[in-house]
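Read through the structure below, which is laid out as structure tokens, and then see the notes.
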Amino acid sequence: MGNQEYHEPVLADATTSLLVTRPGIYIDGTLGGGGHSLELLRRLDALDGESLLVGIDQDSYALEAAGQKLQDFGDKAILLRGNFSMVRELLAPVKRGPGEGLEVMGLLLDLGVSSFQIDTPVRGFSYLRDGPLDMRMDPDGPLTAADIVNDYEEQALARLFFRYGEEAHGGRIARAVVSARSVAPITTTGGLAEVVRRACPRKDSPIKTLSRIYQALRIEVNDELGVLQQALEDGFAVLSPGGRFAVISYHSLEDRIVKRFFSARCTADWGPKGLPLREPLKPAEAELVTRKSVQAGEAEVSRNPRARSARLRVIQKL
């Protein structure tokens with residue numbers, strides 16, 4: 001797996017400049033090809049003091065590519081296989097070993113699918129490239145998109161397309177899927193794309209509909225929203241005071257979860273309105289570093305179109 005197969009990291013300069021404040025442990029919970037980690041290591045090298053980069057990814061191919069990209073940094077980078085929702089568990093032996101005595105000063109989650117995964121037909125993420133209907137970010141995961149498309153009942157499919165894809169015609173597309181699979185199982189990305197195209201109303205863009213349907217299936221296969229919520233909880237827990245948490249999201253479902261979590265941590269609890277309290281029942285646990293989400297500029301979007309929908313939010317633990 002060559003490094004060139006992975007995309008340019010989105011919002012790399014903004015993310016790393018906002019995240020790196022002082023030496024310590026920095027966690028890239030979505031390592032991918034190592035683009036963000038490379039920029040983090042370069043910034044950490046410029047600081048006085050000992051630092052350690054911990055990269056996490058559930059995809060063994062990503063770990064291989066990142067390992068090649070970061071090899072010049074030697075033992076300053078530790079790469080671990082696992083889901084970023086397991087950050088607390090994965091970090092524990094690091095804190096007892098090479099990271100002993102270091103505080104966790106930064107955590108990054110880039111929630112996008114890597115271009116390598118999208119562009120590799122056998123991974124089954126894209127409607128533009130025919131391949132097995134898979135969509136597992138962890139190649140060893142138990143559930144595939146084909147399982148969902150061929151086994152879920154029509155009502156469950158419609159609910160899935162509407163909830164995770166925000167697709168207004170989810171019911172219509174679910175009926176088309178059930179009808180098509182009654183003739184023969186739908187086992188390829190191209191086969192599903194053809195079913196969706198035929199079911200898509202003429203006035204609607206088939207590309208946008210396909211994007212929403214494939215997003216819904218990918219979220220379900222990988223339990224992305226549940227994993228994100230767990231990662232936010234555990235990620236914030238492992239941060240040391242003064243540590244920063246940065247998340248890059250790509251669609252409204254993710255961004256709402258991140259925004260709500262960050263807002264809750266940055267808000268003191270004063271109890272019911274009207275209580276004569278001098279101090280909050282529960283003080284704020286963090287403060288906003290970015291008041292609004294940071295977005296890519298025109299120059300970056302022209303170089304890297306996938307940056308167009310990216311939203312970066314950062315908080316600092318108190």
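Each residue, glycine too, has its Cβ placed from N, Cα and C.
Marked as S-adenosyl-L-methionine binding site by Swiss-Prot on the basis of sequence analysis: GLY34, GLY35, HIS36, ASP57, LEU91, ASP110, GLN117. Taking a C-beta cut-off of under 8 angstroms and a sequence separation of 6 or more, HIS36 (S-adenosyl-L-methionine binding site) has the following same-chain neighbours: PRO9, ALA12, THR15, THR16, ASP28, THR30, LEU108, ASP110.
Following the DSSP three-state reduction, the secondary structure of GLN117 (S-adenosyl-L-methionine binding site) is helix. Within the same chain, the residues at least 6 positions away from GLN117 (S-adenosyl-L-methionine binding site) whose Cβ sits under 8 Å from its Cβ are ASP59, ARG123, PHE125, MET137, listed in sequence order. For the binding-site residues GLY34, GLY35, the ranking by surrounding Cβ atoms (within 10 Å, all protein chains) places GLY34 first.
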